[in-house]
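Single-structure report; data block below.
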Amino acid sequence: MENTIVIKLGGVASDNLTEGFFRQITEWQAANKKIVLVHGGGHYITKMMEALAIPVETKNGLRITNKAALEVTKMVLIGQVQPAITTAFQKRNISVIGLNAGDTGLLEADRLSDTDLGLVGKITKVKTNLIEQLLSENIITVIAPLGINSEHDWLNVNADTAACEVASALHAEALYLLTDVPGVKNGSEIINEIATAEIEKLQKTGVIKGGMIPKLASAAFAAENGVDQVIITNSLETIGTKIKSKVAIG
(Lines of atoms letter the chains of each structure in order from A; the text may use other names.)
(Lines give C-alpha, C1' and ligand atoms only; values in the text may rest on other atoms or scores of the structure.)
Protein backbone atom coordinates (compact mmCIF):
# COMPACT_ATOMS: atom_id res chain seq x y z
CA MET A 1 0.00 0.00 0.00
CA GLU A 2 1.49 3.30 -1.13
CA ASN A 3 2.81 5.69 1.55
CA THR A 4 2.63 3.08 4.31
CA ILE A 5 5.14 3.01 7.16
CA VAL A 6 5.31 0.03 9.52
CA ILE A 7 6.89 0.45 12.95
CA LYS A 8 7.77 -2.36 15.32
CA LEU A 9 7.80 -1.18 18.92
CA GLY A 10 10.36 -2.76 21.24
CA GLY A 11 9.78 -5.19 24.08
CA VAL A 12 9.53 -2.28 26.51
CA ALA A 13 7.13 -0.48 24.18
CA SER A 14 6.63 2.51 26.48
CA ASP A 15 10.32 3.40 26.05
CA ASN A 16 9.62 4.13 22.38
CA LEU A 17 6.58 6.32 22.99
CA THR A 18 8.41 9.61 23.50
CA GLU A 19 7.18 13.06 22.49
CA GLY A 20 9.65 12.88 19.61
CA PHE A 21 7.99 9.64 18.49
CA PHE A 22 4.53 11.19 18.42
CA ARG A 23 5.86 14.33 16.75
CA GLN A 24 7.24 12.20 13.90
CA ILE A 25 3.97 10.26 13.62
CA THR A 26 2.04 13.54 13.36
CA GLU A 27 4.42 14.85 10.68
CA TRP A 28 4.05 11.65 8.67
CA GLN A 29 0.27 11.81 8.88
CA ALA A 30 0.36 15.43 7.72
CA ALA A 31 2.30 14.17 4.69
CA ASN A 32 -0.45 11.57 4.02
CA LYS A 33 1.59 8.63 5.31
CA LYS A 34 -0.32 5.62 6.66
CA ILE A 35 0.99 4.16 9.92
CA VAL A 36 0.91 0.56 11.16
CA LEU A 37 2.45 -0.51 14.48
CA VAL A 38 3.38 -4.04 15.52
CA HIS A 39 4.29 -4.25 19.19
CA GLY A 40 6.40 -6.61 21.23
CA GLY A 41 6.06 -7.15 24.94
CA GLY A 42 8.86 -9.49 25.94
CA HIS A 43 9.86 -7.51 29.03
CA TYR A 44 6.33 -7.57 30.44
CA ILE A 45 5.76 -11.20 29.48
CA THR A 46 8.94 -12.22 31.30
CA LYS A 47 7.93 -10.25 34.41
CA MET A 48 4.49 -11.87 34.47
CA MET A 49 5.88 -15.38 33.91
CA GLU A 50 8.35 -14.89 36.76
CA ALA A 51 5.55 -13.64 39.01
CA LEU A 52 3.57 -16.79 38.19
CA ALA A 53 6.63 -19.04 38.66
CA ILE A 54 6.57 -20.15 35.00
CA PRO A 55 10.09 -20.93 33.71
CA VAL A 56 11.44 -18.45 31.16
CA GLU A 57 13.51 -20.11 28.42
CA THR A 58 14.81 -18.97 25.04
CA LYS A 59 16.55 -20.55 22.07
CA ASN A 60 18.39 -18.54 19.41
CA GLY A 61 16.73 -15.36 20.64
CA LEU A 62 13.20 -16.82 20.52
CA ARG A 63 11.02 -17.51 23.55
CA ILE A 64 10.22 -21.18 24.19
CA THR A 65 6.43 -21.19 24.56
CA ASN A 66 4.44 -23.94 26.28
CA LYS A 67 0.69 -23.70 26.94
CA ALA A 68 1.12 -21.75 30.16
CA ALA A 69 3.58 -19.34 28.55
CA LEU A 70 1.22 -18.83 25.60
CA GLU A 71 -1.69 -17.92 27.88
CA VAL A 72 0.50 -15.37 29.66
CA THR A 73 1.71 -14.02 26.32
CA LYS A 74 -1.85 -13.50 25.06
CA MET A 75 -2.93 -11.92 28.33
CA VAL A 76 -0.02 -9.48 28.45
CA LEU A 77 0.03 -8.51 24.77
CA ILE A 78 -3.71 -8.05 24.29
CA GLY A 79 -4.69 -7.07 27.82
CA GLN A 80 -1.77 -4.93 28.97
CA VAL A 81 0.69 -3.77 26.33
CA GLN A 82 -1.67 -3.02 23.45
CA PRO A 83 -4.16 -0.97 25.52
CA ALA A 84 -1.26 1.06 26.97
CA ILE A 85 -0.10 1.91 23.45
CA THR A 86 -3.53 2.81 22.09
CA THR A 87 -4.26 4.93 25.17
CA ALA A 88 -1.05 6.91 24.60
CA PHE A 89 -2.26 7.75 21.09
CA GLN A 90 -5.76 8.60 22.26
CA LYS A 91 -4.36 11.05 24.83
CA ARG A 92 -2.91 12.96 21.88
CA ASN A 93 -6.15 12.82 19.88
CA ILE A 94 -4.68 10.45 17.30
CA SER A 95 -7.15 7.92 15.87
CA VAL A 96 -5.97 4.39 16.63
CA ILE A 97 -7.28 0.84 16.96
CA GLY A 98 -5.76 -2.32 18.42
CA LEU A 99 -5.93 -5.56 16.42
CA ASN A 100 -4.93 -9.18 16.97
CA ALA A 101 -5.16 -12.53 15.20
CA GLY A 102 -8.69 -13.02 16.53
CA ASP A 103 -9.93 -10.10 14.40
CA THR A 104 -11.13 -11.74 11.15
CA GLY A 105 -8.16 -14.13 11.37
CA LEU A 106 -5.85 -11.18 10.74
CA LEU A 107 -2.60 -13.14 10.98
CA GLU A 108 -2.55 -16.76 9.83
CA ALA A 109 0.38 -18.85 11.02
CA ASP A 110 1.93 -22.30 10.99
CA ARG A 111 3.90 -23.79 13.84
CA LEU A 112 7.67 -23.62 13.38
CA SER A 113 9.40 -26.87 12.46
CA ASP A 114 11.68 -26.53 15.51
CA THR A 115 9.42 -28.27 18.03
CA ASP A 116 11.79 -27.34 20.88
CA LEU A 117 10.29 -23.84 20.71
CA GLY A 118 6.82 -25.13 21.52
CA LEU A 119 3.79 -23.08 20.46
CA VAL A 120 5.73 -20.64 18.30
CA GLY A 121 4.65 -19.87 14.77
CA LYS A 122 5.55 -18.12 11.56
CA ILE A 123 3.10 -15.86 9.74
CA THR A 124 1.89 -17.46 6.51
CA LYS A 125 -0.70 -14.87 5.50
CA VAL A 126 -1.63 -11.33 6.47
CA LYS A 127 -5.24 -10.48 5.72
CA THR A 128 -4.60 -6.94 4.59
CA ASN A 129 -8.19 -5.91 3.75
CA LEU A 130 -9.07 -4.82 7.29
CA ILE A 131 -5.75 -3.01 7.77
CA GLU A 132 -6.07 -1.20 4.43
CA GLN A 133 -9.65 -0.17 5.20
CA LEU A 134 -8.60 1.36 8.52
CA LEU A 135 -5.58 3.07 6.97
CA SER A 136 -7.78 4.59 4.26
CA GLU A 137 -9.70 6.27 7.09
CA ASN A 138 -6.41 7.55 8.62
CA ILE A 139 -6.71 5.24 11.62
CA ILE A 140 -3.41 3.93 12.95
CA THR A 141 -3.50 0.17 13.47
CA VAL A 142 -1.66 -1.45 16.37
CA ILE A 143 -1.14 -5.19 15.91
CA ALA A 144 -0.19 -7.84 18.50
CA PRO A 145 2.31 -10.50 17.29
CA LEU A 146 0.13 -13.57 17.62
CA GLY A 147 -1.06 -15.91 14.89
CA ILE A 148 -3.80 -18.51 14.47
CA ASN A 149 -3.28 -21.73 12.52
CA SER A 150 -5.72 -23.71 10.37
CA GLU A 151 -6.95 -25.58 13.45
CA HIS A 152 -7.70 -22.25 15.18
CA ASP A 153 -4.88 -22.68 17.68
CA TRP A 154 -3.07 -19.54 18.81
CA LEU A 155 0.70 -19.29 18.30
CA ASN A 156 3.30 -16.93 19.67
CA VAL A 157 5.13 -15.07 16.90
CA ASN A 158 8.36 -13.12 17.15
CA ALA A 159 7.35 -9.45 16.92
CA ASP A 160 10.13 -8.55 14.48
CA THR A 161 9.05 -11.39 12.20
CA ALA A 162 5.42 -10.31 12.41
CA ALA A 163 6.30 -6.69 11.62
CA CYS A 164 8.34 -7.73 8.59
CA GLU A 165 5.56 -9.98 7.28
CA VAL A 166 3.02 -7.18 7.72
CA ALA A 167 5.31 -4.65 6.00
CA SER A 168 5.91 -7.01 3.10
CA ALA A 169 2.22 -7.85 2.69
CA LEU A 170 1.34 -4.14 2.64
CA HIS A 171 4.23 -3.30 0.29
CA ALA A 172 5.28 -0.67 2.81
CA GLU A 173 7.69 2.05 1.78
CA ALA A 174 9.52 1.84 5.11
CA LEU A 175 9.88 -0.44 8.13
CA TYR A 176 11.37 0.71 11.42
CA LEU A 177 12.39 -2.02 13.87
CA LEU A 178 12.67 -0.15 17.17
CA THR A 179 14.80 -1.85 19.79
CA ASP A 180 16.82 -0.95 22.90
CA VAL A 181 20.02 -0.12 20.99
CA PRO A 182 20.58 2.64 18.39
CA GLY A 183 21.44 0.15 15.64
CA VAL A 184 23.51 -2.95 14.95
CA LYS A 185 26.87 -2.62 16.68
CA ASN A 186 30.33 -3.89 15.80
CA GLY A 187 32.02 -3.41 19.14
CA SER A 188 31.04 0.09 20.22
CA GLU A 189 30.44 1.39 16.69
CA ILE A 190 27.06 1.48 14.95
CA ILE A 191 27.08 -0.13 11.50
CA ASN A 192 25.40 2.32 9.10
CA GLU A 193 24.42 -0.22 6.43
CA ILE A 194 24.32 -3.99 6.18
CA ALA A 195 23.72 -5.86 2.93
CA THR A 196 21.55 -8.93 3.36
CA ALA A 197 24.38 -11.02 1.90
CA GLU A 198 26.64 -9.98 4.79
CA ILE A 199 24.39 -11.12 7.62
CA GLU A 200 25.52 -14.75 7.76
CA LYS A 201 29.18 -13.70 7.96
CA LEU A 202 28.44 -11.20 10.74
CA GLN A 203 26.68 -13.94 12.69
CA LYS A 204 29.54 -16.42 12.25
CA THR A 205 32.09 -13.85 13.45
CA GLY A 206 30.03 -13.05 16.55
CA VAL A 207 29.14 -9.48 15.59
CA ILE A 208 25.48 -10.48 15.59
CA LYS A 209 24.23 -12.60 18.48
CA GLY A 210 21.27 -13.22 20.78
CA GLY A 211 18.05 -11.43 19.92
CA MET A 212 19.73 -9.56 17.07
CA ILE A 213 19.95 -12.83 15.07
CA PRO A 214 16.19 -13.25 14.42
CA LYS A 215 15.83 -9.46 14.14
CA LEU A 216 18.28 -9.27 11.24
CA ALA A 217 16.86 -12.38 9.60
CA SER A 218 13.44 -10.74 9.65
CA ALA A 219 14.85 -7.43 8.39
CA ALA A 220 16.54 -9.24 5.50
CA PHE A 221 13.25 -10.90 4.56
CA ALA A 222 11.50 -7.53 4.43
CA ALA A 223 14.31 -5.91 2.42
CA GLU A 224 14.17 -8.72 -0.12
CA ASN A 225 10.37 -8.77 -0.31
CA GLY A 226 9.29 -5.35 -1.42
CA VAL A 227 9.98 -3.02 1.52
CA ASP A 228 12.04 -0.09 0.24
CA GLN A 229 13.66 0.94 3.53
CA VAL A 230 14.34 -1.31 6.54
CA ILE A 231 15.93 0.39 9.53
CA ILE A 232 16.97 -0.98 12.95
CA THR A 233 17.18 1.77 15.54
CA ASN A 234 16.02 2.80 19.01
CA SER A 235 14.19 5.95 17.91
CA LEU A 236 12.46 7.42 14.88
CA GLU A 237 14.83 10.35 15.37
CA THR A 238 17.99 8.22 15.19
CA ILE A 239 19.55 7.10 11.89
CA GLY A 240 20.28 3.53 13.06
CA THR A 241 21.32 0.70 10.73
CA LYS A 242 19.81 0.35 7.27
CA ILE A 243 19.38 -3.18 5.90
CA LYS A 244 19.80 -3.27 2.13
CA SER A 245 18.99 -6.01 -0.34
CA LYS A 246 22.17 -6.30 -2.35
CA VAL A 247 25.15 -8.57 -2.79
CA ALA A 248 28.14 -7.88 -0.56
CA ILE A 249 31.34 -6.81 -2.32
CA GLY A 250 34.63 -8.44 -1.35
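Even glycines carry a Cβ here, placed using N, Cα and C.
Binding of substrate is attributed by Swiss-Prot to G41, G42, R63, and within the candidate set N149, N156, N186, N192 the record adds N156 to that site.
For R63 (substrate binding site) paired with K8 (site 'Transition state stabilizer'), the C-alpha to C-alpha distance reads 18 Å.
Within the group of binding-site residues (G41, G42), the Cβ with the highest number of other Cβ atoms inside 10 Å belongs to G41. Note on the recorded positions K8, R63, K215: the fewest other CB atoms within 10 A surround the CB of R63.
For the recorded site, G42 (substrate binding site), the DSSP three-state label reads helix. Long-range C-beta contacts of N156 (substrate binding site), restricted to its own chain and to partners at least six residues apart, with a cutoff below 8 Å, comprise R63, T65, A69, L70, T73, L119, V120, G121, P145, L146.
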